[in-house]
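K.L.:
Before I ask anything, let me first share the structure, which is written out below as structure tokens.
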Amino acid sequence: MSEVSGDGGKWLDAHYDPVAGLYTFSSCVDLADLSGDGESRLVVGDLGSGLSGMKLKVFQGTALLSESTLLDLPTGLVAFFMDLHEPRIPAVAVASGPCIYVYKNLRPYFKFTLPGLEVNPVEQDVWQQVKEGQIDPLTMKEMLEGIRKKADVPLSVRSLRFLSLETDEMDEFVQLHKQQPIKRQTVITCVGTLKKSTADEDGVSCLVIGTESSNVYVLDPEAFIILSKMSLPAPPTMIDVTGQFDVEFRITVACRNGNIYILRRDSDKPKYSMELSSHPVGLVRVGKNVVVGCTDESLQGFTQKGKKLWRTTLPAPIITMAAMDLPTRGFQGVLVGLANCEVHLYRDKNLLSNIKTPDVVTSICFGRYGREDGTLIMTTKGGGLMVKILKRTAIFDDRDGTPGPPLAQSVRLNVPKKTKLYVDQTLRERENGVAMHRAFYMDLSRMRLAAAKAYVKALESSLTPMSSSLSEPLKMNAVVQGLGPTFKLTLNMQNTAACRPVMNLAISFLYDENLYRMRTPYLRIPLLVPGLIYPVETLVECTSDKGISDIIKVFVLHEGKGCPLLTAHINMPVSEGLMLN
Amino acid sequence: MGLFDRLIGWLGLKKEVNILCLGLDNSGKTTIINKLKPNNAQTQDIVPTIGFSIEKFKTSSLSFTVFDMSGQGRYRNLWEHYYKEGQAIIFVIDSADKLRMVVAKEELDTLLNHPDIKHRRIPILFFANKMDVRDALSSVKVSQLLCLDNIKDKPWHICATDALRGDGLQEGVDWLQDQIKSLRT
């Protein structure tokens, strides 16, 4: 059960259930002492299949403790202390849709709904008119289209739905909805917690919510009123909060536009921003620095003012990230779940531990589980639950994981060996160098002469399948298909000019009439548009039963001129059809 | 042996034996030691041990001094300082804590491989405690998970116990007493 894997024996395999049926992400997993007895439970917002089966699950030890159905897909889950009552039992907040459901003692306790957004008054006016019967749905559609294009306040969901309807469905939709007032809701994308006034482990925390409308809200823990509202340039996707609300805090937010913004107390706009080269997939704070995992398989470290410190490349795409914080040993690191079924532990840019997992890890949570402080809980893509415990004696040394020169340097070069033959040859060259040089130059000149003669001859009789004339630049190749006695001859013609078509061309075949029969030995070619390939097909029938093959010559001619533009020689294959008979 | 024992009994002296009581936190070490003490010396409420405490109890022929060590992670490195004094070890396991069985095994392995323990033939008594909890593992299962079969050079014994009621404790202590007596001679 506790065999040593690729992690250097630093982790103990406490539990692995490959069929736990947990489908979740790191943002929906938390550890909390839900009964106040000193044993932490694992609280998971299970996404189910994404459409159904959303559940709030609580695990204790190796067993599922409780399960309750969630109404909507959870986007974030945090456990936090909302009051100072004894015993100190944290509440669980589950964000889904525009609401936050707060559970106390695993029972629904409170539902907080985000305030609606402002509605475009013109849009409201249009709906008012249709309600009073002053305009018909078609006119309304035109007016709403106009608003959608011009107005800076976006339309409500209802109007957008109306615009997407067919004409015959409109009337029914209007009748159904015209009585209700128009609302514009936003949805929660991420949740975090922020200590209210003390930095204690069990201090009262505020909820920090990021919404699709590019806002960040800080909620009062007891009264659930909005304490602070901040706006961002883009919808946030991941959030990380430190500090205390009453003193000083920093909210680090990764947004959908691929930037990271840092919000501070007393300003409702981001104070610093970091522009990344690719989208962030994970955001973790280590001490005062922020570690960001990007889609380009890299891990980057930034200061809290947005200055880049380091960057390291990973072997596979990042699936999830989580912080590893062990205050008793003063250790802080980042756990990165990769697509190649590994979980890496980094401190700054140094790889400290590499855990191999049987499946791709989709969520990571590190902290106190049960009575053990250093517990790593992972859920896999296939729905498995894996618990590992950090050994008491495990030491992470800060040495760089990749020692020495790269592996490629130690590969021997493939230099060929030289034999005695080569040495004899060099000796001969050294002795008779002058004669060799002269003889070679004589031969080279002769070869040039012969090549030039042959080229001129080919040009004169237009034997080449490429036309070099400037007025009709043409290219042709011929393909013979079939076994015989009937062959299909395809000539692919192409005009290679930039923008001039070629007209009035014809193809003529020259062949031995005793051997072959061709229905159309003379073909006219359509106008050749530059760039396109024109296949010109004809059928050739072999009449000889002796198994003889011959050459067919193809000439491309310009009508009215005797000299062919191109010529192609086709070596006809032996007709197999007659031999079979 | 008979003569020596009779002599001891006649003199009214009992042999002193030092025992180390080890195990993870919340496994029931202090509760077990408390239950082994005479009724009038037992304490009512048991709190997590800080560091360690020294307890004494007697059986028919031996007087035990027990080093009741704290099992919390941060105090576990204290254990090895007392290995030299220990003449026997009581290792307590929470049978209901399946998750941390690997941690118990890990601590047992480091204990057995420690230079002060490795080459001494000292008896080890395992208490698979908390048998009263509903889904507790049996003592056979516990000994499988801890790979107790691999301990070849030391006498060991595992007892299923319920320290709150005291079930199974006497059996274990009797075994320990026999082992210590047989080792002495």
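Even glycines carry a Cβ here, placed using N, Cα and C.
TrEMBL: automatically predicted annotations, no manual curation.
Since this is a predicted model, take the numbers as computed values, not measurements.
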K.L.:
For the GTP site that TrEMBL lists with B:G23, B:L24, B:D25, B:N26, B:S27, B:G28, B:K29, B:T30, B:N129, B:K130, B:M131, B:D132, give the additional residue from the candidates B:G71, B:G168, B:G172.
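P.N.:
So, going by the record in TrEMBL, that would be B:G71.
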K.L.:
Just name the binding-site residues among B:D25, B:S27, B:K130 whose Cβ comes within less than 8 Å of a chain A Cβ; none is a fine answer.
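P.N.:
It is B:D25, listed by sequence.
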K.L.:
Counting other Cβ atoms within 10 Å, pick out the least crowded of the binding-site residues B:D25, B:D132.
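P.N.:
Minimum Cβ neighbour count within 10 Å, taken over the binding-site residues B:D25, B:D132, occurs at B:D132.
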K.L.:
Can you give the largest Cα to Cα distance in Å, as a whole number, for the residues B:G23, B:L24, B:D25, B:N26, B:S27, B:G28, B:K29, B:T30, B:G71, B:N129, B:K130, B:M131, B:D132 that bind GTP in the record?
P.N.:
21
K.L.:
Hey, of B:D25, B:S27, B:K130, which of those binding-site residues are within 10 Å of B:T49 (Mg(2+) binding site), Cα to Cα?
P.N.:
B:D25
K.L.:
In angstrom units, rounded to an integer, how far apart are the Cα atoms of B:D132 (GTP binding site) and B:T30 (Mg(2+) binding site)?
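P.N.:
Between the Cα atoms of B:D132 (GTP binding site) and B:T30 (Mg(2+) binding site), the distance comes to 17 Å.
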K.L.:
Are there any residues in the same chain, six or more apart in sequence, whose C-beta is under 8 angstroms from the C-beta of B:G23 (GTP binding site), and if so which?
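P.N.:
The list for B:G23 (GTP binding site) reads B:K29, B:G71, B:I90, B:F91, B:V92, B:I93, B:D94, B:A104, B:F127, given in order along the sequence.
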K.L.:
C-alpha of B:T30 (Mg(2+) binding site) to C-alpha of B:K130 (GTP binding site): distance in Å?
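P.N.:
A Cα-Cα distance of 13 Å.
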K.L.:
I want to check the contact list for B:K130 (GTP binding site): same chain, sequence separation of six or more, C-beta distance under 8 angstroms. What comes out?
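P.N.:
Long-range Cβ contacts: B:S27, B:G28, B:D94, B:S95, B:A96, B:A136, B:D162, B:A163.
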K.L.:
Starting from each candidate's C-beta and looking 10 angstroms out, tell me which of the binding-site residues B:S27, B:T30, B:T49 has the most other C-beta atoms.
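P.N.:
The most densely surrounded of these binding-site residues is B:S27.
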